[in-house]
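> I have a structure here, written as structure tokens, and I will follow up with some questions on it.
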Amino acid sequence: MPLPGGLWWLLCCRRGFTLLHRDYGDGELSGDGDEDEDDETFELRTPSPAGGGRGSLDVTLTQPTRNGPISDRLQGWEETWSLIPDKGLPEEDPDIIVKGWLYREPRGGGARPWLLPRRAWFVLTRDSLDQFSSSGKGARRLGSLVLTSLCSVTGPERRPKETGLWSVTVSGRKHSIRLCSPRQAEAERWGVALREVIASKAPLETPTQLLLRDIQESCGDPEAVALIYRRNPILRHTSSALYAPLLPLPYEVSAPGPGYAPLREEAVRLFLALQALEGARRPGPLMQGVLQTCRDLPALQDELFLQLAKQTSGPAGPPGLPATQDPATLRYWQLLTCMSCTFRPGGAVRGHLLGHLERTEQALPDSELAEYARFIRKALGRTRGRELVPSLAEISALSRRQELLCTVHCPGAGACPVSIDSHTTAGEVARELVGRLGLARSRNAFALYEQRGAQERALAGGTLVADVLTRFENLTSEEAGLEDSPDCGWRLCLRLHGPLHPEGLSPEGHELPFLFEQAHALLLRGRPPPPEDTLRALAALRLQSLHRDFSPRGPLPLLDRLLPPPIPPREQPPCPTRRPPPSAALLAGALWSPGLAKRRAERARRGGTGRSTGSTAQVGGGGASTTAAVLGGWKRLRGMGQAEAMAAYLALAAQCPGFGAARYDVLELSTEPGGGAPQKLCLGLGAKAMSLSRPGETEPIHSVSYGHVAACQLIGPHTLALRVGDSQLLLQSPQVEEIMELVNAYLANPSPERPCRSGSSSGPPSQDLPDTSPPSQHQVLEEPQGQSGCLKQLQD
């Protein structure tokens, strides 16, 4: 029976469809022996086994060009067959590692589901992956894939919507092969074997790496270096495209990250972005995008360093004499400056880059290019890892080789401008401001904080301020479209870090007003909420320090600037009894404060008296009785000087329970096997004790003085270990470094009220407990045992 005409036409034109797909399709096929691949001039070479030196290159390595039609390109199977002798299936070859029947999925099988996987006999040796028509003697070889150190293997993974088989993808220089098997164990066996063969291969080198080695060996002979540049255009500036990366990058089919192409394709795109810099009206965002790509794909950092060294060498070789003042020429140097302040180049690339900069300085000592070269050399010596790429303001400053100006807000001193560079740390800025304000001999410790409204977080001493400014810029751009964005954005501020020492403050220095303003800011945010009489006394002292003696002719003060905002009363339903966290059994006993149970029993006996008092204290923000009480206390302070009022304010505020306590959201990890899931808790660090409480609760569940803390150390990226006696508490938080620094600061600062670390004593008194609950949920804490003379004077 004759076949239908349409089927005859399909069979006869199958070869024609393949050629059309090769010429006008995606450029790469993965059929049985019909793979079409791009021709590349850059051959990869294996280093000589003897190692060491090589003779000078006699051949000229040029940038690959595409002059002929696409149909004239070499086919992948022709290239691989030229490397392997044409022979049949080997018999008992000792180099065979794995062999067996597998399915090979045609390229584009997901897009063309009618192309079914083809079954073939695969043999893996130490040099290649071969495909045969059968497993018998004399079987015809259908194709080969040469395995090098740059090949990559992905999988196994199952594709239920396509083939339903387990697949392993092997990516080579020209094409990739997807091996399929119905059994997962077999796919895993092939994947492991392929990875072991690739890992055993010697690393390959590109011609660019060989030329870099020649330049390094001839660095003492300028004429030899110039000759290498003249004979090899790949090292010089070019206006044409780059079709292959300068460094050996792994062959991959899958993208290394969301929004990115494979590494080799991204390297070519980077070079196109560099060339786009020459005509860009706003080069800053384009530079930032290039830096972000290198930040997301670290394998491209050395590649970009080499591309910039190539483009800054000039068409005739280094140092690039033509049009040194041309902005298009300088933009390569500006991007290289940003790169040197963000990333650290590898060994060979770093040596070549330093040599390139040195040759530029020697050839053009008084030019602007030499200034850029000197700036970059200094930056390479100081650069370490960056968390974020430079901000647009930093890129603009680096393009002019200038420092960046940042503003730090200091209580009592206003905004202080500080000049920083890409390597300045938060500790260096804090030390500079401490010295500028005359606080170097103070007993109090200070640190740099990032602040936004009531949110604040201490910066570790080694944090780069440039990264913090970049984060502020990103947050500002994200919140630009929000309608309910806050009035004040993120800012840097200098504040007290650790325990407060109000005694012995000089009335003439900056420390007294500094601490005075910071204490007032903490009280306005409800940290901590003092009793009603203490609040009124503090308000009167602040009025005396700001306006001196009371005058009936003056305007009435605004109490909302003197007292914390009122808390709306609400009924709290009785909460059920919760299961205690692991720390209840772990840190129970004499180490934890026994005063907690006594205070709970006392408050239960009084039956909510403290809560009503707290409402009175907080609601008194604008009442007539509160205003009269504050004004009455202000009148009784007549004759008190400004410095004396500030000192009395600090002394009274320091007696408030939990004054200056820092709070952190943590996860408590169980130290017992099978102890359960981590529990969310709130860690409070006060001047004399630390406490743990549940989120939203005002009463701490545990408290321990610093004298009982034996050690505080990091045991993981976000895990902190606190050793209390013979027990250990594990806490997890993204701010573990800040917590550890603050705890160690308290541990290194003994005081007469705090028990010694080596001694044993009872828990801290009530005012030593840190405050760990949100400001809107505070109850009034008990009045401190001792009151200053100023408070007694106000109550008389």
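Counting starts with 1 at the first residue shown.
Glycine is no exception: its Cβ is also placed from the backbone N, Cα and C atoms.
The region 'Disordered' annotation in Swiss-Prot covers 28-71, 557-584, 598-625, 750-796. What Swiss-Prot records for 59-68, 774-796 is compositional bias 'Polar residues'. Feature annotation from Swiss-Prot assigns domain 'PH' to 95-199. The feature compositional bias 'Pro residues' is assigned by Swiss-Prot to 563-583. Annotation source Swiss-Prot lists compositional bias 'Basic residues' at 598-608. The annotation omega-N-methylarginine is assigned in Swiss-Prot to Arg638 on the grounds of similarity to another entry. Look at Swiss-Prot and you will find 757-766 tagged as compositional bias 'Low complexity'.
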> So how many of the residues in the domain 'PH' (95-199) end up helix, strand or coil by DSSP?
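Taking the domain 'PH' (95-199) as a whole: 16 helix, 44 strand, 45 coil.
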> Other than its own, how many Cβ atoms are within 10 Å of the Cβ belonging to the residue listed as 'omega-N-methylarginine'?
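The answer is 10.
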> Using DSSP with the three-state reduction, classify the residue listed as 'omega-N-methylarginine' as helix, strand or coil.
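Looking at the DSSP assignment, the residue listed as 'omega-N-methylarginine' belongs to neither helix nor strand, so coil.
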